[in-house]
Each structure stands twice: as C-alpha cells, then as structure tokens.
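For reference, TrEMBL has these:
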type	residues	note
TRANSMEM	A:12-35	transmembrane segment
TRANSMEM	A:66-83	transmembrane segment
TRANSMEM	A:95-114	transmembrane segment
TRANSMEM	A:120-141	transmembrane segment
TRANSMEM	A:153-175	transmembrane segment
TRANSMEM	A:195-216	transmembrane segment
TRANSMEM	A:237-268	transmembrane segment
TRANSMEM	A:280-298	transmembrane segment
TRANSMEM	A:310-329	transmembrane segment
Amino acid sequence: MKSLLITRTQKVAGLLIGLLVFLAGIVCSVVFGVADISWHTIVQSYMHFDGSQDQLIIRTTRMPRALIAALAGASLAVAGTLMQGITRNQLASPSLFGINAGAAFFIVAGTAFFDAGSLSAYATLAFAGAAFTALLVYLLGSIGSDGLTPLKVTLAGAAMTAFFSSISLGILLTGGQTFDQVLYWFVGSVAGRDMGIFNSAAPYMGVGLIGAWVLARHMNLLGLGEDVATGLGQKTMIIKLAAGISIVLLAGGSVSIAGPIAFVGIIIPHVTRYLVGIDYRWVIPYCAILGGILLLGADIGSRFIAFPKEVPVGVMTAIIGVPFFVYIARKGVRA
Amino acid sequence: MNDWLIFRGRKHSFQINRRTLIVVLLLIAANLAAMIICTGLGSLNISPIEVIRTLFGTGDASNHMIIFSLRLPRVVIAIMVGAALAVSGALLQGIVRNPLTSPDVIGISGGASLGTIVFILYFSELSIRFMPLWSIGGAFAAAILVYLFAYRGGITPLRLVLIGIGMATALTAVTYMLILTASFTPTAVAVKAFTFMTGSIYGVSWKRDVLTLLPWFSILLPVSIIYARHLNVQELGDEVATSVGSSLQAKRTILLFVSVALAGSAVAIGGAINFIGLMAPHIARKLVGPAYGGVIPVSALIGSLILLLSDLVARIAFLPLDIPAGVFTAAIGAPFFIYLLYRHRRS
C-alpha cells in the first residue's frame, strides 16, 4: 500500500505538525465557546490565579473538557487500530463491536442498582464492561470452523450494541431524576466534567497508550499473518492478549470519561494508514494525535452547529463518520 | 396420509400444507390465550374467565372500562406491531438472501424512528394520522440510502449489512441530536422520545393508535402473503429466477416496498422494537420449513406472540414501573441472535 509520507524525515515532520495542531486544538477548545476567553487569560489563570469568573471557567470547565476530548479521541483511535490489527477486520472499532455500549451498560447498571457513584467506581465499571463485551464479541464472532469472519463479528457487535443500549435506556427511563444529565453522557459528550473525572481514568488510559506503542513492533509481525508470526517465534496469543488489555483500558477509559463515542476508532486508523502506511511504530503515535485532533475539532464544532445549544460530540463524530464508513465498506472488506 | 390439503373451487384451487395449517391453528390459539392473559394481568388482576365474559359483554362495568379502554388497545397494537415487524423481517431476509438481516439491523427502523421523532418534535400539531407517513418516509429514505451506498455493480449481502449497520448507528445519533437540541424540549418530551426509541406500546388508544395503524396493516399484510411465493423463486438465485420467467427486479421492488412500509408503519406506533424481525422468521422456518407461503403467516403469528409476551413482562415485572417492551425483546433477541450465529457456523 502506498502512503503519503514515505521517508523518515517526512514522518517525523508530519508528527511534529500534528502535535502542534493537537496543542492548538486544546487551546482553541479552551478559548471558543459561549463565553469567549482571551488567550492571555488562560496563561494568567494558571500563572496568577485570582479567582475571577473567566479564570474559574477555564480551570473548572474549559480545560477539563479540552483534555478529556483530547485523551478520549486519542484512546479511541488507538483502540480502533489495535482492534483492526488483531481481528484483521478493517471495520473493527470499539463502537461497532459493542465495547462502548457494553462499558456504558455496566456504568448505567452499576449506578442504578449498586449505587456506585464515585469516580473510581465509574472507571472500574467501564473497564469491566469493556473487557466483558470484548471477550463476548470475540468469542461469538469466532464460533465455528470458518473462524472470525468480518460479517459474523460485525453482526455480533451490532447485536451486542442493540442489546446493551436497549437495556441501558430501559434502566435510565425508569430511573427518573438524573435522566437529563445522564442522557448527554449516554450519547457521548465531553461537556460539563471536572478534572476529577479526567484524573480518575487518565492513568489507566496512559498505560493503555504506552502499552500500544510498546506492542507496535509485535503488531507488525502479527500483520504478516498468524502463521508467519508464529514461524518467526512470536507468541501470538500473548500479543493478542496484551493488545486486548490495552484496548480494554483505552475504550473503557474513554467511555468512563466521555460516554460511548462512535466512529473515531474507525476513521482515524484508515486516515493514518493512508498517511504513514502500515508500520505500527508510526501508526500508533499518529493515531493518538489525529484521534485527539478529531475529537477536539468535533467538540469545538458541536458548540456552534446549534448555537447557543450544544450538540453532544458523539453526534458530530457520527455525522463525520458516515461518509467514511460508507467509503470503507464499499471499498471492500477482507473476508 | 397426504401432506397437502387441496381445496377446489369452481375457478380457483389452492393447496395448504397440512403441517403449516396445524401450526397456524395452534399459533392462533396461543395468541388468543396470550391476549386473554395479557388483558387480565396488570396492577389490577382480572381472571381469564372474567376477561372472556367482559369481552362478550356480560362482565361488570369497572372491568369493562379497564379492559376496553386500557388493556385491549395495547394488546391489539402489540399483535399488529409484532406481526408487521416479523413479516418485514421475513421478506427482507428473503430479498437479501441473508438470514441475519432485519429492519432494525440494517437501519430501516432507524430511519423510521428519525422520521417519527421529526414529526413528534416539529409537526405534532398535525393529525396523528400523518405519523405513519413520516415513519414510512423515514424508513424509505434510509432503505434507499443504504441500497444506493451498498450498490456497486450489484448488491452483496455483506456490503448491505455493513452499510446498514453504519447507517443505523448514524441515524440513532442524529435522532438523539434532534431530541437533545430541539429548542423547546422539556424533560418530559425527551423521556417520551427516548421511550419511543427503545420501543414501547405504553399508553395506546383505540382512536389514536389502533385506527392509525390498522389501514396500513390490513393492506400490507395480505399483499405480503400473496407475493410471498415470488420469494421462493428468488431464493434460488438471480439466474434461476430469471430463467424460470420471474420478473425479478419488479417483484423484488414490490416486496422491498412492502417490507419497508410494514416496518415503517410498525415503528410509527410501537417505536423501534429490536430483534422481532430477526427472530420470528427463523422460528417460523423451523416450524414449517422454508417455503414462504407458510413462513409469512407463521412469522406474523410468532411476531405478535413475542411482542404480546414481552409487553406483558415489561408491564408487570417491575410494577408500578412500566418498562419499554423493546428492552425485553432485546433481552431475548440477543441470545437468540447468538444461537443463529452458532447455527450458521457451517454454512
């Protein structure tokens, strides 16, 4: 496959430009909104905090929101690329394979039935849900002699998504008061969260991101096919398991801070492969940065599309994602 | 003993498979029994005998009110919606020749939901009679989009299903967006809209819901039974179907139209109830074999039975709460789907 950036210099340059756009995205996310805030105030609020309203908005609302969008976007994209690698299915992603819906269901059920309200409980529930669903969909998709076919695993994922979303909605609808608040989260939103939520999940997601990067070399081997990888002395089961743990940390963490956001995990890995090819040592960092940029951009856009009301960012990614999805599905999926 | 019962009239004759006839009769009996039980059970329990007496006009007045104005419309709606979704799924599976498709999996129900939500949020001053038109319009728009996107010198089941799933996700997101950003949504409207999206037949009435759905149902269902035999030919594959003289594309278009319209009108009243369109045809084929002449009516009866029972559980399992019936069709549908994946592992 031909990629856009070929030489090492080009790839490094691309990565640096991406990193700049990423940082600019965070700044823009803090600056733009219902109350426009100057760039100077941002610096002031961290250097000389004086408790004024603008500075408070930055520290308690805008900055957590920007960081959550950046981290969730990066994590979903990397989780998507790992999933596409180990299932050898170009449509694999946390949302399509039901992992997001499963993690969300565990949070909704845990909150409703076991009164699990603390931030750490949210994260734990999300990880448990993500792990459970990932395993379930993987097993379901690989039932039978023809193994893990794209059609079977995709249908299994869609069925699990329908199952978990229906039951989550059922619980929410009968739950009462907090409906409005939970609803935004349920569609995927990064608004109205504080630093505590970010801090509760960020360490795990950081481990997931680093783990993915460490795995990159092994993922390259796995990409040559299971037989070749085994022949070259790779313990494919261990690599898949390690990748699975990374996926669970990344997708589960994203759901716990931002809700089940669709399509980021599909779009970004494809864009990345187009840019830098199939070497995971480049793919993983590019995915992280581009995923962050996409979600930051979608979140900034979501503030203006129905101004002054905000659209949940999950809706924005869905709208952006469909043309991509159609393109990929039409191009043909390896059977 | 002959497998077929043959009826001869002066001009026409037709034959019915003995086994199909028995299954249909048994299912009708099961539906009637479920109707009576569903009508009786609730926050106030009425015995089956009392229900039957009331239905024939000899019960007491308070039961009469509960049964006729509250419970019975709901039961009738469950029957029509369940049957419509099941038949829509059966037709779709025949047309696409993929046993794992259904209107909810490939985005048709999602389109219908979107159309209905637009109606509820922005055009609710119009008569409710227009609601099925909006739902069916949404269903068609979604079906056409999925078809166009999946068309690339022909349609393959894999591409259709994948694109359908993508569209379903996107349509759901857009529907959420409309609900959340509508300029006037108080929580009550949002709750109503979301209940609708999960699929619920709560609070239906004769005048509003039953009379709205009935015309669609009573036209589309017979048409699908009459056209069912064309599906048998189509199942053989495009080449065979064309060579035995079936006008393939025209019939396929009609069948697709009927399937989408059935799903659309069902969603208009019952919301996006998942999995019935997937399950019912499979159970039907298990009972009466693959010939569509039998599969369509048997699917319809099984679909209504599933929704009757799901709605019963949804109503009484968590009294006094009324859970959307779609939650329970999902709860039984997902394991069923797994079973289907497992069973089709050899094909």
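For all residues, glycine too, the Cβ spot is worked out from N, Cα and C.
Just so you know, TrEMBL annotations never went through curation; they're auto-generated.
Ranked by the number of CB pairs under 8 Å to the transmembrane segment (A:153-175), the listed stretches A:12-35, A:95-114, A:280-298, A:310-329 are led by A:95-114. For the transmembrane segment (A:95-114), the list of distant contacts is 79, 83, 121-122, 125-130, 132-134, 136-137, 153-154, 156-161, 163-165, 167-168, 171-172, 175, 182, 186, 247-248, 251-252, 254-256, 259-266: same-chain residues at least six beyond its ends, Cβ to Cβ under 8 Å. Each of A:12-35, A:66-83, A:195-216, A:280-298, A:310-329 was scored by its Cβ pairs under 8 Å to the transmembrane segment (A:120-141), and the highest score goes to A:195-216. Listed as Cβ neighbours of the transmembrane segment (A:12-35) (distance under 8 Å, sequence separation of 6 or more from its ends, same chain) are residues 5, 42, 54, 57-58, 62-63, 65-67, 69-70, 275-276, 282, 285-286, 289-290, 292-293, 296-297, 299-300, 303-304, 308.
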